[in-house]
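Chemist: This is the structure I want to talk about, given as structure tokens.
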Amino acid sequence: MDYGRQDEQPEQPQQPEQPQQEPSQEGKPSGIIEKIQQLGQTNVPEMEQSNIHCITVVGQIEGHMQLPPQNKTTKYEHIIPQLVAAEQNKKIEGLLIILNTVGGDVEAGLAIAEMVATMSKPTVTLVLGGGHSIGVPIAVAANYSFIAETATMTIHPVRLTGLVIGVPQTFEYLDKMQERVVSFVTKHSHISEEKFKELMFSKGNLTRDIGTNVIGTDAVTYGLIDEVGGIGKAMQKLTELIEKQQPPHPEGEMMQ
């Protein structure tokens, strides 16, 4: 009978299985990390009360064709729903867009830029590292734009990849697409069309391409970007724009 009792005792060590509940708590941060990896979202539980939504545009802007997995990309099908949600959410009063992109698909980049430009809420862009190629229209689409002192922006003509049909219509299509980019940039910034095209078709700046590599202060001098600054100035400016958009309170009204 004693042996029978000893056989029952080994079942007791199974009680320490309760600590297995701890990984469930650790699983919450993993969900946030997975969301950041997949969608590039910066929202974490501590920022739920913030009235400013931040969107990052990094790597290569992916178009209708999926890029290789080793490429770090920004997918327009992820960015556009975030912009729509920010526009509809009453708790979000401003939008901060941070760019460090090499460019990418022209139509996808213009789609994002048009969405940003047509938002009713205050928007501010900040170029860190680089805002090259089709990243330029996105950078100038906001109400106010900043660029880091060491950041650069490459301005070059539109290019095609893959099979190209050598007919006059192809070059006409390229010219029209390029005019869309030029028109958008000059409309939403202080740079003139002549100056922008001069930078775009410059032959002595880039080694293996036509165009110009514009550094922080030069981008402001040309009128492409509004101001040189970092995250502090960008947040301060966005807060000012939010306060200006808010309706004034009636005189004599008590505010807490």
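In case you wondered, yes, glycine gets a Cβ from its N, Cα and C as well.
Checked Swiss-Prot, it gives:
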type	residues	note
ACT_SITE	SER133	active site, nucleophile
ACT_SITE	HIS156	active site
COMPBIAS	11-26	compositional bias 'Low complexity'
REGION	1-29	region 'Disordered'
Chemist: Could you give the Cα-Cα distance between HIS156 (active site) and SER133 (active site, nucleophile), in whole Å?
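Modeler: Distance (Cα to Cα, whole Å): 7 Å.
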Chemist: For the residue listed as 'active site, nucleophile', which residues of its chain lie six or more apart in sequence with Cβ-Cβ distance below 8 Å?
Modeler: THR101, VAL102, GLY103, GLY104, GLY109, THR154, HIS156
Chemist: Determine the Cβ neighbour count for HIS156 (active site): the number of other Cβ atoms within 10 Å of its Cβ.
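Modeler: If we count other Cβ atoms within 10 Å of HIS156 (active site), we arrive at 20.
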